[in-house]
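These come from TrEMBL:
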DOMAIN    10-75  domain 'UreE urease accessory N-terminal'
REGION    174-195  region 'Disordered'
REGION    202-221  region 'Disordered'
COMPBIAS  204-221  compositional bias 'Basic and acidic residues'
Amino acid sequence: MILVEKSLGNLGDAAWAERLADATIDLLELDQWQAQKNRFRLKTQAGAEVAVALERNSHLHDGDILSWDEASRTVIATRIHLKDVLVIQLDAMLANPAETLARTCFELGHALGNQHWPAVVKGTSVYVPLTVDRQVMASVMKTHAFVGITYDFRPGSAIIPYLAPHEARRLFGGADATPHSHVPTAPKHEPHQHVDAQGQTFTHVHDTPDPGQKHDHDHVH
């Protein structure tokens, strides 16, 4: 087992470029929730067991080098799979009157909260992880048509370097949760028996009852 207490560098570092030119890269693949943890144990693609024990409030980044074996010229590095992020830009609104700015921000917050979407505010940008399909999120933004607000979708890997650890956990840690739905669930109905005029007994289930439909035969339970 390989114990990792800090990264040795990153695959993108110029200092490692020459050393890794002919090296074997064994990837430790992490999802966006695992990447926010500072202590965990996983196996690499090649089967090497890695125990990560980082300092408090620190986490790994995509491409971090965890181990280097000079003899076998093998490096273990991270591959983090992050979802895309909806980036909402508010900078164009700063020239608006204070009342307009406050009202629009309130309406934006209400729209995001109504969908139960987590968000992180950094400066004049609002970051929202994709918890549902991209087209659904774009549709919500188009429906509200906020004046002075622009938005686009960016890879999570491009956003996470600008986030503090607690912000990254909020943005990516809960994005795998089941999306909230406002669609009512049809009530369940147990099978029950009826007796007709001839004394015949039969069983049926009302799957989708119509509140306005009459149900005037006798029940025998």
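Even glycines carry a Cβ here, placed using N, Cα and C.
Residues in the domain 'UreE urease accessory N-terminal' (10-75) partition by DSSP class (helix H, G, I; strand E, B; coil) as 7 helix, 27 strand, 32 coil. Predicted-model confidence for the domain 'UreE urease accessory N-terminal' (10-75) is 91, expressed as mean pLDDT.
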